[in-house]
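The domain 'Non-haem dioxygenase N-terminal' annotation in TrEMBL covers 27-91. Positions annotated as domain 'Isopenicillin N synthase-like Fe(2+) 2OG dioxygenase' by TrEMBL: 164-255.
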Amino acid sequence: MGSDSQYQIPAIEFTMNSLEVDRGTVEWYHLCKKVREACENYGCFEIVYDKILPQSKAEILSASRKLYSLPLETKKNNLTPNRYQGYVGPSVTAPLYEGFGFQEASNYESLRSFTKEMWSHDQFCTVLSMMKQLDELKDMIHLMILDSYGMEKSSNLIMASKTVLRLHKYTAPPSGEYAMAASAHTGKTFSTILFDDQVSGLEVQTKDEQWVKLPISPCSFIFAVGDFLMAWSSGRMHSVKHRVMMCGEKERHSLIASAFPIEGSVIKAQKELVDEEYPQILKDFDCTEFFKFICSSEGRAIDSQMQVYAFAGIGT
């Protein structure tokens, strides 16, 4: 079970003022150091960010609830073979979970074509506006990661990504139960930014393998390192394992904005980050082939945290 204690991850302020800090200044590198240390030691950190107001987050979650209130047949009309696009309904292994995925979520035409029959124009505009802001925030954090390793001239190395938006709903379990709503996994992404409706459920696994609750305040987001950023950094950055555990009578809603590699991208450890302390642990690998592997019967049988090592580990 998860711990009743709350886990204190680093909280880093990205206020309106910090967004205007010039790259290369002392203030900029101070933020870069904080971001790098949080990603290496914890695999995640709290983003204190005042550019997106709590009211905007509430409007997004309201739009999410509208999606899930649609008739089941309407939701099923949005089923797709792509696990990150369209509707995912409850299953035998995840009976409490429903999800909607939107690829290229910060692209007007892409998002509008998928949501025009489900959201009002105002709701659509609210979501699009937030996705553009989250893209801006993600790009800045990725840039800080590059600069923290002295790789200022390599800005394209982890910027070639697309943003996938996922809206998650977790139904309350039967009375008195403490139930798994999303199984333990690492992100198959470069990184993820997320927030929720303050209904408890998100848990992360510490490096000493303890499960702890991770609350998100109304004014904050969580930034989490994924497997591809871990591989890119030659294991320096920690891909944090997380899950959702539900109890009580309230359902839980969350928004996940993930940075995925462009299809066909090759993930490789950067030579500047490979040394005696952090030797290369993974071969270069094609992200598309990796996604095929984790969806195969062989891949699904492997613990999520170990899938990338099974697929691309040196010596495999």
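Each Cβ is built from the backbone N, Cα and C atoms, and glycine gets one as well.
Note on the domain 'Non-haem dioxygenase N-terminal' (27-91): DSSP counts are 35 helix, 8 strand, 22 coil. On the 0 to 100 pLDDT scale, the domain 'Isopenicillin N synthase-like Fe(2+) 2OG dioxygenase' (164-255) averages 95 in the predicted structure. DSSP labels the residues of the domain 'Isopenicillin N synthase-like Fe(2+) 2OG dioxygenase' (164-255) in these numbers: 6 helix, 42 strand, 44 coil.
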